[in-house]
Every structure is written in C-alpha cells, then in structure tokens.
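Engineer: One structure coming up, written as structure tokens, with questions to follow.
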Amino acid sequence: MNIKKVRNHLMIAVVVFQIVLLTWESLNGGVVTHNFLAQKDMPGLSNWWGLAILSILVWLTAYNIEYRSEQIKDEQSRLAFYTVAARSFVGMLLISLAQSTIFSLGYSSIAASLLLVIALIALFLPLYRIEAVAGYVLGGAYFTGPMIPFVGVILFVTVSVTAHFAIKPLVMRFKNTQALNE
C-alpha cells in the first residue's frame, strides 16, 4: 500500500469538498462562523479555517500512519495494521456523519447522547489515535465546520488516553500482582 498516494488523494478530496462547501456557503448567505457557546457576542471561528485545519489533519494522519507502519517489519502485520487504521478512520467517520446528521435534523439531545456513547467506547478502544480523530473531525466538518467536532474529540480522546495509559496499566499491574501471589 502506498500511503503517500492515499494521503495525496485524500488531501485532494478534502480540499475539493471544502472548497465546494465554502463556495456553496458564500453563494447562500455567506460563510458560516461558529461562535463560542453559540453566543453572537462571543468570538467566532469561520469555516474558512477548514481549508487549513482539515488539510493539516489529513497530512498529519497520513504521516503518523506511515511512520507507525515503517516500525513494522513483517508485511502481513503491516497489512493488518493498515486494516485496523482504516477501520478506525471509517468507523469514526460514519459515527460522526450519523451524529452530525442527527444534530442537523434537530435532535441535539440524541447527538449529545451519542457523544457519551463514543466516550464509553473510548474506554475500550484506542480512539486517541489520530486516524480515529481524523475520521471524527472529517465526518462532522461538513455539517458543523471543522472546529466543533474538536469539542467531541477533546472528550473522547481524554477518556481514551486516561483509560489506556492510566487505568489499564494499573489494572494490569494489580492483576499481575494477584497472579504472583497465588
């Protein structure tokens, strides 16, 4: 698998979709600005930032995957790694698209509940990895702009990092100590 080719195609797709979205917004009342806490008197972030943010996120994701795959010597293990990374990306992309669609249809409480479900899933799956973050942000970016999905990312990445790097090692240490005592 040529990760650079995939990265370039994905970057082109993201930039084209973002340009189409911004053009559509410009022709239909202006580019949307999302204000902090949805208050007009608070500072806002324009969807124009999506061109830079999403392009950088896609590049960082591809670079990170390429770097991690180079650490794997066995070709079969490398293909398994690519499969897991792709599933993580596509899974979070689909979840984010579903959540954004639900939110756009006016069911904000269901969308918020779905974010809590994602946080629960983050206890067991490594959603802190950049491919999951990229999938979630890209899925939500076309409905709500690129910045709002980062609020969800902060929640589930914090839960995932805490679970995988703090709680899980403590549980494993306790489990190993119990096994040694028997």
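In case you wondered, yes, glycine gets a Cβ from its N, Cα and C as well.
Unlike curated entries, TrEMBL annotations are predicted automatically.
Found this in TrEMBL, in case it helps:
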TRANSMEM  9-27  transmembrane segment
TRANSMEM  47-67  transmembrane segment
TRANSMEM  79-99  transmembrane segment
TRANSMEM  105-128  transmembrane segment
TRANSMEM  140-167  transmembrane segment
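I'd like these features described in context: how deep, what's nearby, how far apart.
Structural biologist: Same-chain neighbours of the transmembrane segment (9-27): 47-48, 50-51, 54-55, 58-59, 62, 138, 141-142, counting only residues six or more beyond its ends whose CB sits under 8 Å from a CB of the stretch.
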Engineer: Considering only the recorded stretches 79-99, 105-128, 140-167, state which has the highest number of Cβ pairs under 8 Å to the transmembrane segment (47-67).
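Structural biologist: Out of the listed stretches, 140-167 contacts the transmembrane segment (47-67) most.
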